[in-house]
Amino acid sequence: MSPSGPGSAVLLLAALAALLGVCSAGSDAPRGVALGFVFDPKATCDPPCEHAGICIRNNTCFCSRGYEGETCKYANCFPKCKNGGVCLRPGKCRCAPGYGGRYCHKVTCEGGCWNGGECSAVNGVAKCICPSSWTGSKCQEAICPQGCRNGGICVAPGICSCPEGWLGGACHTAVCTQSCLNGGKCISPDKCRCRPPFSGPRCEERKKSH
Ligand SMILES: *[C@@H]1O[C@H](CO)[C@@H](O)[C@H](O)[C@H]1NC(C)=O
């Protein structure tokens, strides 16, 4: 049965009459009489009853299930919303930041925790607890203990992605496409530092000494 049909409204009112102890003439009394005592069909409620509440007497609302307050304005939630959550409508909580679940009983980390991080409440604040090789608010940043140099980016624990021209675990080794000759050293991409008396892009020229 729908909770808002006219039949159920009558049932609700009969229940209310019983609650208030005003059931007058017994079960065979005409309904209108029994209900008329508490339910004034000409009653006006201003401000009006909300959420399908029924105005039973002037400025007296009979609230439908799940609502309370003088004008049935406020929803109530069972179980109550936890951790500062607000009851939006019966059984529906709006949770404070950091909490989730039907009754706001679960801690949640906005955006989730990545790479095996776990959401946990730390001093009442939701936080990702990251595994040792990850960091950042969502554990989204890998840790490269060796560091990534020369514009390299740490893309996974201990692994640098190096820009062109650099190699090595920390992008610390320059690449010279043509190797440096005569003991010269590749010091940056395609750049040799030559040992005297050599010079040239690959240290291939011997300076003439006079
Ligand atoms: C309810 O309010 C109306 C309008 O203000 C008034 O005419 C009526 O007499 C009131 N009824 C009762 C039972 O007080």
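One-based numbering along the chain as shown.
Every residue, even glycine, has its Cβ placed from backbone N, Cα and C.
What TrEMBL says about this one:
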type	residues	note
DISULFID	C45-C55	disulfide bond
DISULFID	C63-C72	disulfide bond
DISULFID	C109-C119	disulfide bond
DISULFID	C130-C139	disulfide bond
DISULFID	C176-C186	disulfide bond
DISULFID	C194-C203	disulfide bond
DOMAIN	41-73	domain 'EGF-like'
DOMAIN	105-140	domain 'EGF-like'
DOMAIN	172-204	domain 'EGF-like'
SIGNAL	1-25	signal peptide
Would you list, in sequence order, the disulfide-bonded residues among C63, C176, C194 whose CA lies within 10 Å of the CA of C119 (disulfide bond)?
none
Pop the Cα-Cα gap between C176 (disulfide bond) and C139 (disulfide bond) into the table, whole Å please.
37
Using the structure shown, find which entry in C109, C119 (the disulfide-bonded residues) has the sparsest Cβ neighbourhood within 10 Å.
C119
When you measure from the Cβ of C45 (disulfide bond), which residues in the chain that are at least 6 apart have a Cβ under 8 Å away?
C55, N58, N59, T60, C61, T71
Nearest of the disulfide-bonded residues (C63, C72, C109, C130, C203) to C186 (disulfide bond) - Cα to Cα
C203
List only the single closest residue to C130 (disulfide bond), chosen from the disulfide-bonded residues C72, C109, C176, C194, C203 by CA-CA distance.
C109
Which whole-number value in Å describes the distance between the Cα atoms of C72 (disulfide bond) and C109 (disulfide bond)?
34
Would you mind reading off the Cα separation of C194 (disulfide bond) from C176 (disulfide bond), to the nearest angstrom?
13
Determine, from DSSP, whether C72 (disulfide bond) sits in helix, strand or coil.
coil
Inter-residue Cα distance where the pair is C63 (disulfide bond) and C176 (disulfide bond), in Å:
82
Where C109 (disulfide bond) and C203 (disulfide bond) are concerned, what is their Cα separation in Å, rounded?
58
Quick one: give me the count of other CB atoms within 10 A of the CB of C63 (disulfide bond).
21
I'd like the number of other C-beta atoms within 10 A of the C-beta of C203 (disulfide bond), please.
20
At the Cα level, what's the spacing in Å between C203 (disulfide bond) and C63 (disulfide bond), rounded?
93
